[in-house]
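Reviewing the structure listed below.
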Amino acid sequence: MVQRSKSSANWLREHFNDPFVKQAQKDGYRSRASYKLLEIQEKDRLIRPGMSVIDLGAAPGGWSQVTSRLIGGQGRLIASDILEMDSIPDVTFIQGDFTQDEVLQQILQAVGDSHVDLVISDMAPNMSGTPAVDMPRAMFLCELALDLATRVLKPGGDFLIKIFQGEGFDMYLKDVRSKFDKVQMRKPSSSRDRSREQYLLGKGFKGA
């Protein structure tokens with residue numbers, strides 16, 4: 001218990017001293033994660049006015065805020081998370097466990113017959129600190145997100161997902177490369193140095 005309290009205190013200290021946390025509060029973003037997407041956007045120009053986008057693992061809404069602003073009123077954004085998320089204007093939010101078929105069907109129903117231009121995912125499982133447990137959970141979410149992307153993306157569409165280096169990564173990378181014309185890795189400066197997270201970007205979906 002003492003160790004946990006010490007760890008929690010260290011996290012809180014790091015959190016409140018984090019310049020991106022302070023900047024998010026100043027800019028009105030719900031989380032520091034907004035700057036990860038903004039940095040990737042600055043480099044890759046993924047999000048454009050009028051696009052249709054799916055945001056997985058959306059809560060508390062940092063990526064949805066950025067995306068909604070960039071796609072504008074003519075765009076369409078469907079966001080989903082197992083956690084609650086305060087509403088964002090013009091964003092369709094589906095709360096539920098993405099690994100459950102019922103929630104997946106709700107997302108597919110919201111997409112309808114018109115496919116989307118971009119699928120983004122900042123999903124991560126609750127980490128136990130044990131890689132042998134955490135990596136399979138993380139890769140399972142990545143695999144489900146890729147499966148959804150291949151069902152809803154237009155040919156030429158793009159896919160951005162948080163991923164962790166470890167067991168299963170190389171096979172997943174190979175799978176994404178088979179489905180997209182170009183695959184790149186991104187590590188935004190706003191991603192903490194000690195974090196093993198990276199972002200995998202697949203551009204130019206080859207079609208189902």
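Yeah, the Cβs are placed from backbone N, Cα and C, and that goes for glycine too.
For the S-adenosyl-L-methionine site, Swiss-Prot records Gly61, Trp63, Asp81, Asp97, and the single candidate of Asp44, Asp117, Asp122 listed with them is Asp122. Secondary structure at Trp63 (S-adenosyl-L-methionine binding site), taken from DSSP and collapsed to helix, strand or coil, is helix.
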